[in-house]
Amino acid sequence: MCTGKCARFVGLSLIPLSLVCIVANALLLVPNGQTTWTKDHLSLQVWLMAGFVGGGLMVLCPGISAVRAGGKGCCGAGCCGNRCRMLRSVFCSAIGLLGAIYCLSVSGTGLRIGPQCLMNGSWDYHFQDTAGSYLLNRTQWNLCVEPPDVVLWNVTLFSLLVAASCLEILLCGVQLVNASIGVLCGDCRKKQGSSQ
């Protein structure tokens, strides 16, 4: 597969993954679909907006850049061919890689610590000292009185963010290597309308 086609494939994969991260982070802001607890009782990991900023916007830009690097257009002609777009894609992929790593680390921490919830009359991170063992003991999930089903909500959405950011790390890494090869060697696709 040539560098242009690979870039296009990676970009078309990164764009929906970044949108999934943005939506998952938006849903984390409204536990159980309600805004009642949004002001004072969301965990720090939700407020860090790792899905929106890291896995979302910081990966959306390299996704779009990779699609453009894999396309044919006015920048693909001339003395440098498609190398200018590939160079831009190298830098964007590095930024996307950092964003996906940020999303993975914050989401993983959110899974390990658990949500802030009302249990035994106090709002706290009641699962913080379990080192993530609460994830396997679903009977503990019902101990959180408010917000209702917050543990299931957080586990589902943070797990989705972890999975999406792992894929984003892989794809941004592939595009980083692919675009570097594209800068050094050029695109292997034959030019349309050449006289050879």
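Including glycine, each Cβ sits where the backbone N, Cα and C put it.
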Membrane side match, Lys39 / Trp123, Swiss-Prot record: yes
Listed as N-linked glycosylation site by Swiss-Prot, one of Asn154, Asn178: Asn154
Pairwise CA distance, Asn137 (N-linked glycosylation site) versus Asp124 (L-arginine binding site), rounded so that it is a whole Å: 19
Close in space, distant in sequence - Trp123 (L-arginine binding site), Cβ under 8 Å, 6 or more apart: Asp40, His41, Gln116, Cys117
Alpha-carbon spacing, Asn120 (N-linked glycosylation site) to His126 (L-arginine binding site), which is rounded to whole Å: 10
Tally of DSSP helical, extended and coil residues in the region 'Interaction with MTOR and CASTOR1' (90-196): 72 helix, 7 strand, 28 coil
